[in-house]
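I have placed the structure first, in the form of structure tokens, so that the comments after it can refer back to it.
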Amino acid sequence: MAMGLIRLLFIAFTLVLLSILPLHLSLADEITSIESVPDLQKLMYVAVDGFPCVRLLNLSGEIGCSNPGINKVVAPIIKLKDVKDLVQPHTILVTADEMEDFFTRVSTDLSFASKIGGVLVESGSNFQQKLKGFSPDKRFPQAQFSPYENVEYKWNSAASSIMWRNYNFPVYLLSESGISAVHEILSKKKMKHGTYTSDVAEFNMVMETTKAGTHNSEACLQEGTCLPLGGYSVWSSLPPISVSSSNNRKPVVLTVASMDTASFFRDKSFGADSPISGLVALLGAVDALSRVDGISNLKKQLVFLVLTGETWGYLGSRRFLHELDLHSDAVAGLSNTSIETVLEIGSVGKGLSGGINTFFAHKTRVSSVTNMTLDALKIAQDSLASKNIKILSADTANPGIPPSSLMAFMRKNPQTSAVVLEDFDTNFVNKFYHSHLDDLSNINSSSVVAAASVVARTLYILASDNKDTSNSALGSIHVNASFVEELLTCLLACEPGLSCNLVKDYISPTNTCPGNYAGVILGEPSSKPYLGYVGDVSRFLWNFLADKTSVQKGNTTSVCSKGVCSKTDEVCIKAESNKEGTCVVSTTRYVPAYSTRLKYNDGAWTILPQNSSDSMGMVDPVWTESNWDTLRVHVYTVQHSAYDNAVLVAGITVTTLAYIGILAAKSIITKALKQD
Amino acid sequence: MTVTAGIGYALVALGPSLSLFVSVISRKPFLILTVLSSTLLWLVSLIILSGLWRPFLPLKANVWWPYALLVLTSVCFQEGLRFLFWKVYKRLEDVLDSFADRISRPRLFLTDKLQIALAGGLGHGVAHAVFFCLSLLTPAFGPATFYVERCSKVPFFLISAIIALAFVTIHTFSMVIAFEGYAKGNKVDQVMVPVIHLAAGMLTLVNFASEGCVIGIPLLYLVASLTLVHCGKMVWQRLLESRNQSSASR
């Protein structure tokens, strides 16, 4: 007995020792500890971070991407270069430099397109360097609004038009973390268990318009499965216009910029050069001019207008001009006749070349007003001689003005005398126009500062109607370069993004990463909208412009807690970031931006019939964006069904064998007991 | 992995226990009660252990000796509870025997006692399998599968089902050995059960090593088969003894 015990103990001890010995060798690496079933599920179904391409509709059909039906799309992942003969739909992993060729091939080769379940786009920084240019937009963006005949002119040389086509599968741009998640799961497969598993991507990007079967704007607006594109433009006058005195209106010098851009992927569109560089130059000029004394004594009134929705049929400018015709509240203080000069600031971020910032002034037509503007630009340029700035007139061989808000102004009134300042002459220098790659690294902040300086001084000259360059006031107009640089990082980068101090001083942003896509217009359009429906950038611009163009009445500043100020010409600014805002005297207003073909009635949008007096409305596609529930992509590993069946068979076998064994043991025991 | 595979994994872990339940336990209500109470006891022991270890959790994932200590303390505690379980059973056996005498019915046979021990062991085993395998199995019914870095040839759910099956076997049959050991005062049997339990627990630590499950799981099954064989031998001996006794007493 004792021997048996000792033998037993010895065996057990050896076993334990054997088991523990190899352990000290291999515990160096990290284990992700799973502490609960939800943790396990998160590790199994890896959520992939990124930016989707969504479904947009117009009067005649759809563009963009969506799940083909109402179900999730699950398809095995394969790299584009490994694609040979696909039998079932796959998820194609495409790199940024392959994107243009891939989407062009999809549109032309239908058999190839039918084998695509979904697309994941990898746009890491290593691919960006390989790309010389990439623009998913057309060769002549928004050519149908051009005021001149030559619509074949190639303004955008890097164009591929891929964002304007209809794709019947989901497309997702991977973020940095998304790329590493996908690569990790693909490498695991290669290393270990490749034969009976496959890695799949699951796209949950079902669009409501697909679910409801509404495939154009009219149908989807009727069903309520989509919303029209638009937003809120902002205008402000320096100094404030007193609405009460309708006489003695000074002629207006209107400066225009846009705040919206677009790209293949709705949430990754910074639009650094086109058009945010122009917007920042405008804000820099406003900041510089706000510090000049005697602005109210100038002969002309300066008005700054920042439009949105320009990418989608010049919604902002068309609605602004329409509101001017209607003499509505949104444009109280302005009128069609009072606007004498228009200066638009287009893309000004890529003017730096060889140490000199060169900008081109494109004029709508030859007139005394445009000559005056060009002269003012030249004078401003000369006064800034030390800053290496050159302003040149655009080539007369150009068919006309480049795609810009002025095209809409011209179409409305062919007699418009206006000038648009751009960093290019005969075609775009921005090789990433309307793409997700038009980010902060695509522009030069000194170019934007230079443009702001020129514009500020030009506006002062135009407003003072004074050609005297020795005017000391002109020499005192300086743009704050650090302000411009900070603003660029707020509007064109995720760090610090809209959480930067400059923006947080005025508003409480809902997102940190700026997305300069116009988005949809929410709720009822009005000049005093519910601020929860107004985008972060619009609210920032309204507060900023109101602050910079305000005048102080007396020494006391009153506070406003509910956004309402007691005096009629006062507005309440900074009401979001601080609990209580400040009342300032300023003329700063929101103007809704939406198609002139749309009307809002009782909570629904209706499309108005074509009206020959609205020539731009006749060619307006009336863009809308589909609603959706969720936009998510997961990546996980799936076993082949043969393996699953094998496991079930194994389980049944084990159970049956055990049952047989138990029955056998029972009969042996009963037999043994019955032997007496 | 779909419902097919999920059911497969559940059957691998608990199929044999299901067979045992259907063929042996379900015939006698008292055995069902024993299984349930034994399951409850095992779960209570886990709750107490987790309460004791709570201040030290979570354990660092890259050192193995805290886990060894965890296994050691848990096994010791559970073996102590097993002895208590046997004591309660003994009391119950005396009550049942005296009741049988009063109503002139036969006392508990050897096979009855073995079946009660088997039911007790099955309760422990099933609780182990449910707690350590079935509770993690819900994601297995979905489309995805999961492979662990350290044992990358086989899906995680299959490994946990296989380990659970080994432990079900070990728990079920070691309870029979333990009860007989305590009843007969056989020191070998009494010591063997804790040693086997401890060895099995420690063997799972081998899975910490990269691809360690290739060694650990076969060794675990070696221990399980040792238990099964020893139990078989012991039961056979006892049956022969009792048969000789009953023929001798005639």
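Cβ atoms are placed via backbone N, Cα and C, with glycine included.
Among the features that TrEMBL reports, transmembrane segment is placed at B:6-25 (among others).
Listed by sequence, the residues of this chain that lie at least six past the ends of the transmembrane segment (B:30-52) yet keep a Cβ under 8 A from its Cβ atoms are 21, 24, 73-74, 77-78, 81, 85, 115-116, 119-124, 126-128, 131, 175. Residues annotated as transmembrane segment in TrEMBL: B:30-52 (among others).
Taken from TrEMBL, the feature transmembrane segment covers B:64-85 (among others). Taking Cβ pairs closer than 8 Å, the transmembrane segment (B:64-85) reaches residues 38, 41-42, 45, 48-49, 52-53, 56, 120, 175, 178, 182, 193-194, 197-198, 201-202, 204-205, 208 in its own chain, all 6 or more past its ends.
According to TrEMBL, the feature transmembrane segment maps to B:114-137 (among others). Sequence-distant neighbours of the transmembrane segment (B:114-137) (same chain, 6+ residues past either end, Cβ-Cβ under 8 Å): 6, 9-10, 13-14, 17, 20-21, 24-25, 28, 30-32, 34-43, 46, 85, 89, 157, 160-161, 163-165, 167-176, 178-180, 235, 238.
Beyond the ends of the transmembrane segment (B:157-179), by six or more residues, the same chain brings 1, 5-6, 9-10, 12-14, 16-17, 20, 38, 82, 86, 89, 113-114, 116-118, 120-122, 124-126, 128-129, 132-134, 136-137, 140, 145-146, 148, 151, 189-190, 192-193, 196-197, 200, 204, 207, 213, 217, 220-221, 223-224, 227-228, 230-231, 234-235 to within a C-beta distance below 8 angstroms of the stretch. As annotated by TrEMBL, transmembrane segment applies to B:157-179 (among others).
The transmembrane segment feature in TrEMBL is assigned to B:191-209 (among others).
According to TrEMBL, the transmembrane segment annotation covers B:215-236 (among others).
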